[in-house]
Amino acid sequence: MHLRLISWLFIILNFMEYIGSQNASRGRRQRRMHPNVSQGCQGGCATCSDYNGCLSCKPRLFFALERIGMKQIGVCLSSCPSGYYGTRYPDINKCTKCKADCDTCFNKNFCTKCKSGFYLHLGKCLDNCPEGLEANNHTMECVSIVHCEVSEWNPWSPCTKKGKTCGFKRGTETRVREIIQHPSAKGNLCPPTNETRKCTVQRKKCQKGERGKKGRERKRKKPNKGESKEAIPDSKSLESSKEIPEQRENKQQQKKRKVQDKQKSVSVSTVH
């Protein structure tokens, strides 16, 4: 009877030892799969189990649940991972998941970075930016609309024509201004940055090499004093050259008649 009890006790002890070795090997496999799990309550874990990992953490560390396959295990971290925010309680410091549209957050109601397709505005993730704001597709934030800003006009340039400041009566002058702030996508466009207007060139003699083309042409066309009268025909000769031959004959006949009439009048006076 005593021998039978001893044998049963021996069998039970061996069976318990076998179960313990299986659990230990399973815990080692889980720790190899996830390096953040503290091994045997070492590192950040205050209390732990081989199956569930950390159950509580040492002071100032955050407790978080991480999924491995179909189960979750407890880990102790110095800071919460991306997509989680840390909350400190008297008995535990806990990592809590951010909202579904938030990539990183400061707390439950304040997001610091949104997921793709959303724009950040005052800690919230929005599909579209509010009125008066526009979306910045680089930072994925709602920003203020920026309008164009320009500087004051520079002084007018000297009055010139064809690059010359003399030799002409009329010319043009220009002035410019610079763009200080370029507009954003919805901002007001920039006004013109240059202006041109007509002006009067100052009366002054052109220095050598500054005379305009018209001045040089006038100088070449100007006739000499001696040949001015000979070269230019008078108005009477021009009129006579334009007359038709029949008109010339009529004028000559009229002159002859006048001469004959004068002769007759002279002869009559002598007879009396």
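Placed from the backbone N, Cα and C atoms, the Cβ positions cover glycine too.
Residues or ranges marked as compositional bias 'Basic residues' in Swiss-Prot: 213-223.
Annotated compositional bias 'Basic and acidic residues' per Swiss-Prot: 224-252, in sequence order.
The disulfide bond annotation in Swiss-Prot covers C41-C48 (among others). All chains included, 24 other C-beta atoms sit within 10 angstroms of the C-beta of C48 (disulfide bond). In the three-state DSSP scheme, C48 (disulfide bond) is classed as strand.
Summarising the annotation, Swiss-Prot assigns disulfide bond to C45-C54 (among others).
Residues annotated as disulfide bond in Swiss-Prot: C57-C76 (among others). Counting Cβ atoms from all protein chains shown, C76 (disulfide bond) has 24 others lying within 10 Å of its own Cβ.
According to Swiss-Prot, the disulfide bond annotation covers C80-C95 (among others), on the basis of sequence analysis. In the structure as shown, the Cβ atom of C95 (disulfide bond) sits within 10 Å of 20 other Cβ atoms.
Positions annotated as disulfide bond by Swiss-Prot, on the basis of sequence analysis: C98-C105 (among others). With a cut-off of 8 Å between CB atoms and residues at least 6 apart in sequence, the same chain places Y85, C98, K99, C111, T112 near C105 (disulfide bond), listed in sequence order. In three-state terms derived from DSSP, C105 (disulfide bond) belongs to an extended strand segment.
The feature disulfide bond is assigned by Swiss-Prot to C102-C111 (among others), with sequence analysis given as support. For C102 (disulfide bond), the same-chain residues lying six or more positions away in sequence with a CB closer than 8 A to its CB are G83, C111, K113, C114, K115, C125.
The disulfide bond annotation in Swiss-Prot covers C114-C125 (among others). Here the Cβ of C114 (disulfide bond) has 22 other Cβ atoms within 10 Å, regardless of which shown protein chain they belong to.
Residues or ranges marked as disulfide bond by Swiss-Prot on the basis of sequence analysis: C129-C142 (among others). Packing around C142 (disulfide bond) is summarised by its Cβ count: 19 other Cβ atoms lie within 10 angstroms of its Cβ, all protein chains included.
Under the DSSP three-state reduction, C148 (disulfide bond) is assigned to coil, being neither helix nor strand. The feature disulfide bond is assigned by Swiss-Prot to C148-C190 (among others), with sequence analysis given as support.
For C159-C166 (among others), the entry in Swiss-Prot reads disulfide bond.
In three-state terms derived from DSSP, C206 (disulfide bond) belongs to neither a helical nor a strand segment and is classed as coil. Here Swiss-Prot flags C199-C206 (among others) as disulfide bond.
Taken from Swiss-Prot, the feature domain 'TSP type-1' covers 147-207, and the record attributes it to sequence analysis.
The feature N-linked glycosylation site is assigned by Swiss-Prot to N36, with sequence analysis given as support.
Marked as repeat 'FU 1' by Swiss-Prot: 35-86.
Taking the Cβ of C125 (disulfide bond) as centre and 10 Å as the limit, one finds 21 other Cβ atoms among all the protein chains shown. Every protein chain considered, the tally of other Cβ atoms within 10 Å of the Cβ of C80 (disulfide bond) stands at 21. Ranked by Cα separation from C54 (disulfide bond), the disulfide-bonded residues C48, C80, C95, C129, C199 are led by C48. Under DSSP, residues within the repeat 'FU 1' (35-86) fall into helix, strand and coil as 3 helix, 27 strand, 22 coil. Close to C57 (disulfide bond) in the fold, though at least 6 residues off in sequence, lie G44, C45, A46, F63, C76, I92, N93, each with a CB less than 8 Å from its CB.
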